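Q: Quick paste from Swiss-Prot:
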- HIS117: active site, pros-phosphohistidine intermediate (ACT_SITE)
- LYS11, PHE59, ARG87, THR93, ARG104, ASN114: ATP binding site (BINDING)
Amino acid sequence: MAIERTFSIIKPDATRRNLTGRINAVFEENGLRIVAQKRVQLSQAQAEAFYGVHRERPFFNDLVSFMISGPVVVQVLEGENAVARNRELMGATDPKKADAGTIRAQFAESIEANSVHGSDSAENAAIEIAYFFAGSEIVA
């Protein structure tokens, strides 16, 4: 199995409810190491650029508004097959469809306020990590 890195965001709905530690515990208890982490308040420009792939989708403006509504925690997670493992731990985007025990089943409020974002591929993980972190900020 390959050791890889993935990118994660703990979203405003979760930071607002002080769930960062509980979500971090899920990652760590399931074989993912947090090798970089910082709490940030996204600007509208940052959120629009980060989610630019969704610009033409009907939910884009609501997504950006939500992501700037409060602080987020951006993270680099490392472990065996980290991208796939993180996606398993997060659960389905819609918390009503998420398997019991997943982060979204436990903590999400709605399909929009679903507590976490995770990279969908190793390629996108590299892009997303570079968007928020300099190489020197990642400490394995």
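Every residue gets a Cβ built from N, Cα and C, even glycine.
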Q: Looking only at DSSP and grouping its letters into three states, which state does HIS117 (active site, pros-phosphohistidine intermediate) belong to?
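A: Reduced to three states, the DSSP call for HIS117 (active site, pros-phosphohistidine intermediate) is strand.
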Q: Among the binding-site residues listed here, THR93, ASN114, which has the most company in the form of other Cβ atoms within 10 Å of its Cβ?
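A: Answer by Cβ density within 10 Å: ASN114.
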Q: Here are some recorded positions: ARG87, HIS117. Which one has the most Cβ atoms within 10 Å of its Cβ?
A: HIS117
Q: Restricting to the same chain and to sequence separations of six or more, state which residues have a Cβ under 8 Å from that of LYS11 (ATP binding site).
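A: Expected: PHE66, MET67, VAL72, ALA113, ASN114, SER115, VAL116, HIS117.
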Q: Any idea of the Cα spread of the ATP site, LYS11, PHE59, ARG87, THR93, ARG104, ASN114, as a max distance in Å?
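A: Answer in Å: the longest Cα-Cα distance is 21.
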Q: Taking the Cβ of PHE59 (ATP binding site) as the centre, how many other Cβ atoms fall within a 10 Å radius?
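A: Excluding its own Cβ, PHE59 (ATP binding site) sees 12 Cβ atoms within 10 Å.
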Q: Including all protein chains shown, what's the count of other C-beta atoms within 10 A of the C-beta of ARG104 (ATP binding site)?
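A: Other Cβ atoms within 10 Å of ARG104 (ATP binding site): 22.
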Q: For PHE59 (ATP binding site), what is the secondary structure state per DSSP, taken as helix, strand or coil?
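A: Note: PHE59 (ATP binding site) is coil by DSSP, not helix or strand.
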